[in-house]
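*Asks:* The structure under discussion is supplied below as structure tokens; questions concerning it will follow.
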């Protein structure tokens, strides 16, 4: 049992101070301040930024995907390796044709003749064998080109040819210096490539490129656009200098007409 002498005695509550005569009464708690301290006041919320930030130079334009540029259909799926089986068949078939003509030195007429001889011989022997053993001959389907397909292909080819002829006419008449320089540079590069390889090898390289460049660009689009933006800026600077030099050598009346 604890000793009563060692028990702690609770201290009496403090006596409130008596205000002096004539002094205002003291309040128990200070009045709450209606204005917050400037140090503790929260900063005002920033106004929302309504401007759209530009993502820089884009080869395909803003918000344009590679799949959409390629047409957005089955062709785009093949070129971007989304339909891997069809892509493998296209590249494999192109490789076989290139090996037959370039490595084995086959000629087109010889190859077509040998292929037709083999196919017709196999089908003829097969049909005769089925008749000899008294079984139904093979059902060879009728293959025809639809009229709509032929019209669509010819219409698309006609539009592309007319567009190319119109572009060449504008360049020949001197309406656009930038297009003139671009076409000249493209034809020069094409002539240099053609001097290094024949037409079939060029087609094979083009098939490989259209099946590799789009998917690589789709994967590294930001990096490619960054370097392309720098190159575009430098090209625009050189073009402006060249355009000013060309305009300076044109008579004043013709220069005004060219600018307008």
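The backbone N, Cα and C atoms fix where each Cβ goes, glycine too.
Unlike curated records, TrEMBL annotations are generated automatically.
For 75-260, the entry in TrEMBL reads domain 'Reticulon'. Feature annotation from TrEMBL assigns region 'Disordered' to 1-52. Under the heading transmembrane segment, TrEMBL lists 106-126, 199-217.
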*Asks:* Using Cβ atoms and a strict cutoff of less than 8 Å, what residues sit near the transmembrane segment (106-126) while being 6 or more residues removed from its termini?
*Replies:* 100, 137-138, 140
*Asks:* Just to confirm my parser: what is the rounded mean pLDDT across the domain 'Reticulon' (75-260)?
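*Replies:* Summarising the domain 'Reticulon' (75-260) by its mean pLDDT gives 84.
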